[in-house]
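**Q** Sharing a structure, written as structure tokens. Questions coming.
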């Protein structure tokens, strides 16, 4: 592809220099602040209140089932309650508070959190992505914020070099990232099942004739309603849910204080960690196995990080330390105090420990809290999958952005149906919260462990923290999470296998899609059409220019895609204004609209009459794609700005950098205005979207595994999931597809 090169020598050659195609053209940056970034304490308090409804529904409803899951066979020794309570309290302090609230939240990706946010953060400091998607102009967008590693810190440089030179390291990082995503999806499936089933089970206190099977079917009905209303979105999720969860926290804290004062205040000795040691000495292997129930007290912790983009760090820290922790800690202490007198009620601790006059209010709020907990996890799962989709790690599906205010509020119909069906199936199959808890715990702790490993890379590569602190972080949290995970894995045959089966299927799907996506990209990159061939195509006598604007979509960020000559051969015509269009997703949350498009002439300014342009539209992984009409209008507006700037630039080159040549400048501006009018006129005649319909097959001589993955699995996914033009909201009556086969 030919480009405008440096002009005549002038007094300011560096300012006027044009580098390679699409490089160095993003000087215009903005300071758009994301929702919840900084601000006054009043704003922080407002966000902290909203976060109560969005973030803590899951971890706040854990008291419904923790003790029943920890003691499935009953309480054998009275002091076991003290040991388990001590485990619960220190687990809450160690992992959610110390690790997440005061460490992990600071590893956000320009305000966004989650597994993919950590991966994208690392990928901007080391070239670990398998598609060459990093360019100079991308580092200039206002949300990119790259810091070059200091040459004085050799360790960071060494880590960077090892990551970039090792395919095994790149694959390992990608694998644990999609494993974390798969486990979050499993969490989104199991949270509704265990939360709703636990809450509904309380009705048997007032209706003892109800069988467990009937309770299950009531839960299924609620789940059906829950998944049916997902399409309406959660635009006002913070203010709608926060009051309900706030009432829930007040109720469980008050009931906890009541049980402490009425039953046994001495349970507070659980703050002495020696009771943990005594518990393990007394029970040995059984104590280790019971950790699988204890860890359920921190389910939903990952939501604090994943939903950070809607709030800010101070808001999360404030709401956790001042609202969540005191409330749930009091609830667990009150339940332990109650069980000291009534250990036989451990299978239904929460509802048995409620004072009789408060039963129905608490039951109603518990049902609402369980639904809210499910809603929050589903919203988080949708948001994470939309990020995976943007980074080319998930097949095309419809992503509906349900809010203009909260970027992360998305809804994915196909995924919602699959998660809903899986959640109902799990509820019907497992029947009780104990078995569901075995599967649930594996999802939770696996995500914790993956976050610990990615955080260690962040500390080494980006934060450049001292080694003793990194070692302490990895040892403390890695060991704790290993103990919990090993305990849960002991119940693999009792439900623990479920998230592994689910994750293996989802990982295989994501890995297959990404593998072929990368191979296809490199195939096209190796076969870009040379500039001379493009010029020859346009010069052919049988090729005519037809009215209108043509947008040819391609995965390539640079170069003319191989589908273009095929198009010209089949239909020897090119639209009067023709744009080679690429949608590029950067590993940042958002790209400001002013920085969205980068343009270049396919041929030089002297051949501007060809009106062939190269355009890259850049999106962050939380940016929604506009509708076709809005996208075309925005693109053509920015194209006209580019044409004007190019005319001024060319004039400055011809004048040798002398801007006093007013006549030359006026002529250039007049030409630019004429070009802009022509673009408007062609836009009025219509916009046509052109796409290559690539049939990807394994090359001759490929292995059996590769042929299965490419020819069958990938082809099945591509044909049965959302097509490219639907994902980009391209209207059918303006779409033209060109068939081509790639052998990879």
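For all residues, glycine too, the Cβ spot is worked out from N, Cα and C.
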**Q** Need the matching range: TrEMBL marks transmembrane segment on one of 161-182, 183-204, 469-490, and I'd like to know which.
**A** 469-490
**Q** Quick one: sort out which of 50-77, 358-385, 386-413 is the transmembrane segment according to TrEMBL.
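**A** Per TrEMBL, the stretch marked transmembrane segment is 358-385.
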**Q** If you look at how TrEMBL annotates this chain, which of 108-128, 129-149, 318-338 comes out as transmembrane segment?
**A** 318-338
**Q** State the residue range annotated as transmembrane segment by TrEMBL; the candidates are 415-433, 529-547, 548-566, 567-585.
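**A** Going through 415-433, 529-547, 548-566, 567-585 one by one, TrEMBL flags 415-433 as transmembrane segment.
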**Q** Do at least three CB pairs under 8 A connect the transmembrane segment (358-385) and the transmembrane segment (239-258), leaving out pairs fewer than 6 apart in sequence?
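**A** Yes, the stretches contact each other.
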**Q** Can you give me the average pLDDT across the domain 'K+ potassium transporter C-terminal' (547-744), rounded to a whole number?
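**A** Averaged over the domain 'K+ potassium transporter C-terminal' (547-744), per-residue pLDDT gives 78.
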**Q** Does the transmembrane segment (358-385) reach the transmembrane segment (87-107), going by 3 or more CB pairs under 8 Å (6 or more apart in sequence)?
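**A** Between the transmembrane segment (87-107) and the transmembrane segment (358-385), which are separate recorded stretches, there is no contact, as judged by 3 or more close Cβ pairs.
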**Q** Find the member of 214-232, 287-306, 415-433, 469-490 that has more C-beta pairs under 8 Å to the transmembrane segment (439-462) than any other listed stretch.
**A** 469-490
**Q** At a Cβ cut-off of 8 Å, and with pairs 6 or more apart in sequence only, do we get at least 3 pairs between the transmembrane segment (287-306) and the transmembrane segment (496-516), yes or no?
**A** no
**Q** Under 8 Å between C-beta atoms and at least six residues away from its ends: which parts of the chain pack against the transmembrane segment (318-338)?
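**A** Counting only partners 6 or more residues beyond its ends, the transmembrane segment (318-338) has Cβ contacts under 8 Å with 44-45, 48-49, 51-52, 55-56, 59-60, 62-63, 66-67, 81-82, 84-85, 88-89, 92-93, 96-97, 101, 246, 249-250, 252-253, 255-260, 262-265, 267-268, 270, 297, 304, 345, 349-350, 352-353.
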**Q** Using a Cβ cut-off under 8 Å, which residues of the same chain at least 6 positions beyond either end of the transmembrane segment (87-107) come close to it?
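**A** For the transmembrane segment (87-107), the nonlocal Cβ contacts are 59, 66, 113, 118, 121, 270-271, 273, 276, 279, 291, 294-295, 297-298, 301-302, 304-305, 308, 313, 316-317, 320-321, 325, 328-329, 332-333, 448, 451-452, 455, 458, 462-463, 473, 476-477, 480-481.
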